[in-house]
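Only one structure is covered here, and it is reproduced in the block below.
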Amino acid sequence: MIDRFGRPLEDLRITLTHVCNFECFFCHMEGEEGDNYILSKEDILLVAKVAKNFGINSVKLTGGEPTLRRDLVEIVRGLKQLGYRDVSMTTNGFLLKDLAYKLKLAGLDRINVSLHAISRETFKKITGVDAFDRVIEGIKSAIDVGLVPVKLNFVVNRRNREEVFKFIELSQNLGVNEIHLIELHPVGLGKLAFKEHDDLREIEEYIEKISIKKQIRKKHFRPRYVLPSGLIVEVVKPYANPIFCAGCNRIRLSVDGKLKTCLYREDNVIDILDILKGEYSEDVKEELLGRAFMIAIAIREPNFKYKI
């Protein structure tokens with residue numbers, strides 16, 4: 001499906017829970033401010049089934065921390081049984097060592113691990129948890145079982161800016177495929193922490209100089225730089241960036257049962273909780289959810305636009 005701004009809808013991002021065992025001071029919470037209502041596995045898979053009918057072929061599981069859901073493996077398995085080409089997950093990595101093999105067997109294709117520091121001290125300052133070594137072990141386990149490409153997310157801010165290039169070195173040593181250097185943006189807790197925002201221009205300019213190739217990713221038109229080691233560094237700058245919004249191909253299912261068309265906005269969401277929890281047959285629910293998706297596509301628009 002194509003929205004009225006010519007953007008294809010290709011990716012479904014599902015928030016499985018708001019609960020997290022870390023306390024990152026900038027967490028954007030997927031742009032959600034509602035209660036931590038947990039949709040059932042059946043609810044999630046029904047929405048995913050309808051989304052698949054609209055041509056969506058990729059699902060990203062997020063949180064909170066998705067590995068805290070006891071039915072995570074079953075959800076992954078169900079998504080693959082629906083025929084999704086790509087099922088991935090973003091995690092803090094705390095429980096990954098124990099879950100990596102089970103998730104791989106269930107059909108998880110790849111994984112993003114949030115690692116916002118390269119030292120135990122900075123890691124604890126950012127997350128509130130002394131778990132740096134445990135997360136590193138989780139990353140190694142993901143690589144070992146074949147959850148590739150393994151990508152690391154690093155939200156750049158004034159507390160960790162000096163660790164960026166050591167983070168690149170660590171990533172190369174770990175053997176990960178790709179890292180994302182992400183701009184802190186004012187969503188969720190990031191609204192309160194935006195004073196820690198740090199401009200990525202100087203960092204990106206240096207990375208471009210040392211790279212051997214530059215690419216532009218279709219999603220969000222993000223710049224990607226291939227280093228001599230083969231590591232890919234992707235720079236993610238969503239804030240006040242109309243180019244980023246012009247390349248958005250996502251729709252989100254919130255933890256409290258809403259179709260969210262934009263990370264930054266709460267004024268154009270479609271509440272589908274009553275459909276999911278209503279006393280309807282599954283066929284009727286599918287029809288009503290299909291209508292909800294049509295409305296969501298119709299009202300979907302970039303948050304940041306070019307001013308002409």
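Every residue, even glycine, has its Cβ placed from backbone N, Cα and C.
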For the GTP site that Swiss-Prot describes with R13, T90, K151, R250, I251, R252, which of these is also annotated: K41, K60, K219?
K60
Tell me the coarse DSSP state (helix, strand, coil) of C245 ([4Fe-4S] cluster 2 binding site).
helix
Listing them in sequence order, which of the binding-site residues C27, T90, K151, I251, C262 have their Cα within 10 Å of that of S114 (S-adenosyl-L-methionine binding site)?
T90, K151
Taking each of C20, C27, C245 in turn, which of these binding-site residues have a Cα lying within 10 angstroms of the Cα of I251 (GTP binding site)?
none
Rounded Cα separation (Å) that holds between R252 (GTP binding site) and C20 ([4Fe-4S] cluster 1 binding site)
19
What mean pLDDT score does the domain 'Radical SAM core' (4-224) have in the model?
91
